[in-house]
Amino acid sequence: LASLNSVLCFRYSALLCSYVISDAINIVSVCYVVALLQCMSLCCLFPDLIPPSVCNLLNSSTIYANNEVSLAEVDIYGFDYDYTLALYSDALNTMIYNTARDFLIEHFKYPEGIRKYDYIPNFAARGLHYDIQKGLLMKIDAFHYIQLGTVYRGLNPVPDEEVLRLYGGTHHVPLHQVSGFYGKVSHCGPKVKQFMDIFSIPEMTLLAVANDFFISNDIEYDPEHLYKDVSVSEAIGMVHIKGYMYKWIMQDLEKYILGGDETYAVLHRLVSHGKKLFLITNSPFSFVDKGMRYMVGKDWRDFFDVVIVQADKPHFFNDCVKPFRRLDGNGDLQWDKINSLDKGQIYKQGNLYDFLRLTGWRGSSVLYFGDHLYSDLADLMLRHGWRTGAIVPELDLETKVVNTEQYAQSLTWLQALTGLLERMQMHRDSQSREVLQDWLKEREELRLRTKNLFNPQFGSIFRTCHNPTYFSRRLCRFSDVYMASISCLLNYDLSYTFYPRRTPLQHEAPLWMDQLCTGCMKTPFLEEMAHIR
């Protein structure tokens, strides 16, 4: 094995060992190879054996492609506002949580003891599911299987055996029990809600905290009532409906809004290249106007050909009932019939069918960016053939984790162990089975260690142990491209074509290095693109 150093990557050295093991004449040979692997601690002794597929050059400013997209064919760029044009600091989540928690106590008369629970910044993650009837928060993969070890009742993990018992001896959640296409729960039958919105992170945390209080104090309660009281229809919804969130942000823009200069740079660059821009947001005009003035300047509306506020997405995209209304310069509602969507005007409500009729903007010449896979992107992708770009701020942290040496070593050895297990399982003697059990135990320990690098409770938002998450599958289904923020556009020429990697299927073998290492291309950073400003 030592002679393989600098010649074969770590994965292939492990695979070579697996061939030795599979052809071993007796158990002594097997034990020898196992002992050699353990004693050498290859990941530590031979860091240069980590394969080139595990790359520490992932750039968080990369745009990742699920589908082939040529920017040369895109003439019209559309944007959501919240968590798309405007990114928010973690301080906003704390404010939403604190206000909703206090509302539960003061208006719904929940126990005062809940107030002692402060917001936990890194507890929940986007894309999780919540079993309303059982009061369980969990991560589900693309095949509707619960990832064991990521099921929480309150703030405590639920043992795997209990999860299996609660779900009838399996950890599979049937399709009919999961929330509907837009992430909403049905009015009858089992309810499992998926949280796809970044704004839902404080909601998940408050649900966990309230559950934890009742359980810890042995207080009987109905989990369904708790969900309703906390959810967007009550405590959390109150923060939005009564405008508290808008007020906080407008009073301290510098505290809450991130990346304003980059937003200006993106819009300026697109317009200077002759692109048409439009904005469709659910937020009110006064809120958007103040935020855009802060990020872009008082003339921000000059960048946009059409501005639509309080659009009521996703209904804006899938019904044709609400007509457009015009707002005057003060944001007051006007009564004239809308026969065109004019630059410099502000419109409210409306629907996509009238939007298409009045603008003529159709098909792959339109690229729309948003953060909510269902409300912003799904209908545009499935019904109307627009190009879609998902904004996933979590990519910034996740790529930093993937770039660490600890992650590279853990993942490499995890993959090698899996290969060894696959080949070793044909040996049925007791000593071989004992070796297999040791490897299985080590594999589970590696999985846990790798998960904890992202989030100790739920791991990566993109993967379970080995499968894509439910969130990740929807990301691939509803977005042509995805990125950490719209500022990533600054790293690409506007005639650039995004090509999805031809990653091998299970029955295929990788043929090219770019199949193994996506996102490692060297792209200009913002300081190198300063002339755009």
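Keep in mind that glycine also has a Cβ here, set from the backbone N, Cα and C atoms.
Unlike curated records, TrEMBL annotations are generated automatically.
Annotation source TrEMBL lists active site, nucleophile at Asp80. The number of other CB atoms found within 10 A of the CB of Asp80 (active site, nucleophile), across every protein chain shown, is 25.
Among the features that TrEMBL reports, Mg(2+) binding site is placed at Asp80, Asp371.
On its own chain, Asp82 (active site, proton donor) has Tyr88, Phe199, Thr281, Asn282, Ser283, Asp371 as residues at least 6 apart in sequence with a Cβ closer than 8 Å to its own Cβ. Under the heading active site, proton donor, TrEMBL lists Asp82.
Among the features that TrEMBL reports, GMP binding site is placed at Asp82.
The Cβ of Asp371 (Mg(2+) binding site) has 23 other Cβ atoms within 10 Å, all protein chains considered.
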